[in-house]
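Student: I'd like to ask some things about the structure below.
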Amino acid sequence: MDKCKHVGRLRLAQDHSILNPQKWHCVDCNTTESVWACLSCSHVACGRYIEEHALRHFQDSKHPLALEVNELYVFCYLCDDYVLNDNTTGDLKLLRSTLSAIKSQNYDCTTRSGRTLRSMVTADDSFISHEGAQAFLQNEDRAFTALWHRRHALLGKVFRSWFALTPKGKQRLEEERLREEAEQKREEARKKRQQLKRKLKEEMESTSPRKSSRLQHQIQPSPKTELPSVQKMNQKNSPTTKQKTPAPTSDKACFKKIGNSPIKRKPTVTPGVTGLRNLGNTCYMNSILQILSHLHVFRECFLQLDLNQTQELLAAAGSGKTRLSSKYPPGAELPRVTQKHTKVQRSLARRQSFSLGLSGGASNSRNMELIQPKEPSSKHISLCHELHTLFQVMWSGKWALVSPFAMLHSVWRLIPAFRGYAQQDAQEFLCELLDKVQQELETTGTRYPALIPTSQRKLIKQVLNVVNNIFHGQLLSQVTCLVCDHKSNTIEPFWDLSLEFPERYHFNGKETASQRPCLLTEMLAKFTETEALEGKIYACDQCNKAQKQLMVCRLPQVLRLHLKRFRWSGRNHREKIGVHVRFDQMLNMEPYCCRESTAALRADCFIYDLSSVVMHHGKGFGSGHYTAFCYNPEGGFWVHCNDSKLHSCTVEEVCKAQAYILFYTQRVTQENGHLSDTLPVHGSPQSPPR
């Protein structure tokens, strides 16, 4: 629509909620797909092709104009058309340029009049450095957790009241009453025994023991016996000569010991069932972090490893501020020196981490020394440290919601391609994140080994081994000449398998694809099928006709299956294949492995169990919303992770999801169960021997 009369009446507030990326999701269903912001108030909701929450808001409030947050379209509900014109003050143009600057984190663009809309996300690395905004959301996280706990407590109270009225509930109450009465009787009997024992002890202490005349005669001291001097008594009771006495066994001492012992609190929430706040189109990051935190081996490694102190020491050594004595050779370790001020370093790190986010900020101190460390000269960004801190919070059982400020801050610094609030691909983010974590572990473990204690070096090596091998598998690329039957084998590593859809699901324009669901086993069979090599791709002196086949020759501990739902349509457009892929809770990989591997491995090593699923909601590559299904081992149930909203679900619901990335965990691992060494491997299949 060229001209909409309702735009002329628009008066856009300068502090509109749309300027805060944390509000870029539907307030009702929490999706980030097709989100529309009302231009008359602060309401943000999803479009009519999702749940129609924005349309319902118009029907209730009669606010006609709304702006699509990601595509920046303006729609008028009264005119029932898209709006192309602007008001006299140019508010829509200014709003679009401001939102574009917020997405790209580029604030250099200004209007001709110099007028601008200020966002909560100000310059230099965003709102993460803004202590006020961070403290505000931390308080919101606490309030959300407290509200969640109160709701569950009230729900439990109502359920217990109802259950007490049922026949089974009455039976349970009667059993509990009898159990309490028996426990009370045992407690009374125990108190009587203690009282009798105490009374008996007092009587024995007040009554002098009876002795025979012979013993009394022997006890009398002779005239020559010398009493110990005061000096000898002091020497006997000194700490160097004083012997250990057994711990008191009286009831009073026992009760004191029990009272001082720490009591393990029952967790507020199930460990791992912690939501991650959407900080502005960060659903791709939240879904991947939930997946990684629910992988048991990966999580346990980063819960034990914290590279914060290690990187501070390495940074000090690299800048020449660490003083090393000449008595320590280059390969020596310094455990005593590094452990001398561990408590001071930890307290400083905790203090800075609390005030400046999970990864902290910067300091101007330039006097950091290894022997007597002061505040670090700068707070170094570490993805490993952020994973360690975030996993600790998520699996503490104390928080129902956490805002991953510092994790996003570290991603922006170390992976610039993901800087800003534009919508990103979860598969690309997972690959980049694992690559950066691997590089960080390799760099930290090899720089200045003398500064790192032996235990820390071993732990870094173990975690690096897990990161390298947990998703690592090997493919056998076998090229067979159809004339001379020569086979050329090449071993290729892989960290995930990208599976293409069969040809019947690739359609153009308005054609409709087959409505029959695709099978995951069919996609795996297509991946490992034999393909003919045409032309002179395979250079042989005698013949050129050949065929190629990919087969798995080494299975990873965690199998990542990436379903290639997005394909190019035209030059600059990528469309989504929205067909449902049918997958099972158990996957047998034996049909897709080479025969030599089948002969060496146990049958259980081919069996994989479904552990996590990443879903993409939406129709396009550059838009949509990511959620994840994760199996929680602490509670023994599946959890649907939709940013801050988490709820339990059944495995049947998981298998009905429109999967984008599937994670399968190997049921039985066998490190040496592959035959890649027994296969004839050639560096290049294009030049086989005669």
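Even glycines carry a Cβ here, placed using N, Cα and C.
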Student: For the feature region 'Disordered' as recorded in Swiss-Prot, pick the matching range from 261-280, 321-340, 341-360.
Tutor: 321-340
Student: How many other Cβ atoms sit within 10 Å of the Cβ of C4 (Zn(2+) 1 binding site)?
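Tutor: Result for C4 (Zn(2+) 1 binding site): 23 other Cβ atoms within 10 Å.
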Student: Compute the C-alpha separation of C79 (Zn(2+) 1 binding site) from C283 (active site, nucleophile), stating it in Å without decimals.
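Tutor: Here the two Cα atoms lie 33 Å apart.
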Student: Once the chains shown are all counted, how many other Cβ atoms turn up within 10 Å of the Cβ of C76 (Zn(2+) 1 binding site)?
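Tutor: I count 19 other Cβ atoms within 10 Å of it.
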Student: When DSSP states are folded down to helix, strand and coil, where does C76 (Zn(2+) 1 binding site) land?
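Tutor: For C76 (Zn(2+) 1 binding site) - judged by DSSP and reduced to three states - the answer is strand.
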Student: Quick check on the zinc finger (2-99): DSSP residue counts for helix, strand, coil, in that order please.
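Tutor: Here the numbers are 27 helix, 16 strand, 55 coil.
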